[in-house]
Structures are given as structure tokens and as C-alpha cells.
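The structure is given below, and queries will be raised subsequently.
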């Protein structure tokens, strides 16, 4: 569930040949229906998994961390919130590596109740290439 919902969020932002290849690789094309059906399916599944009135404890969370100098399409960020309960957090990956790393890891630690700490570290060499980071965790 974890990796599939993260990849479905990436798929939501893909277009053209990239979207076609992702659809095929993720077997979304075999499910049938429109792309929105896939995202509505994940939305229903995430709501069911994160219910609090169950005997089991299973939680999943999606986070989208974007480079603050990059303009993300409003339709994409709105859809991430609607279907995957993920709001975008704008960070300065390029100029403030340490603070960005701390913010992402704090989010993960909060969502996993401290189970996964220091999952993510940005290397200074890669910072100029980072546009966004998508995080997904389950407890």
C-alpha cells in the first residue's frame, strides 16, 4: 500500500509518455476506467486504513515536500490533498539543506510516532536537482 500510493501520487502529476509507461508498469491500465477512478480508489482505501474505530492500528501518511522556488500546479497539489491526504510543504532544499532535512525527518517521526527517525538526508551535491520529495510512512 505504501509504495503504491506514493507512486500513484507521482503518476497523478505525470503526462504523455511518462504517464502511459507508469500506467503500464503499475498495472493501472489493467484496472480500467479513467485515471480519476484510480485516485478515488486510493482515496477510499486510505480513509478505510486510517479509521480510528478498529481493533487494529494501521496508519498511513503521505507528505509532499517541494522546493520553494518551484511552482507546482495548483491542480496537482489540490489533488494530492483530496485523494492522498498530502499537502505540500515548501522547503528550501537548495540553500538550507539542514533545515529541510530536519523538517522532513520531523514530519516522518511525528507520523510514525517516533518509529522512523532520520530517514532522509539531503546531500549538498544533489540539492540543486531536488524539485520535490514525496514521503510515505505506515505504522
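Cβ atoms here come from the backbone N, Cα and C positions, even for glycine.
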Could you let me know which of 50, 95 shows up in Swiss-Prot as N-linked glycosylation site?
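Record lookup in Swiss-Prot returns N-linked glycosylation site for 50.
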Just counting, how many other CB atoms are there within 10 A of the CB of residue 50 (N-linked glycosylation site)?
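Here the count is 13.
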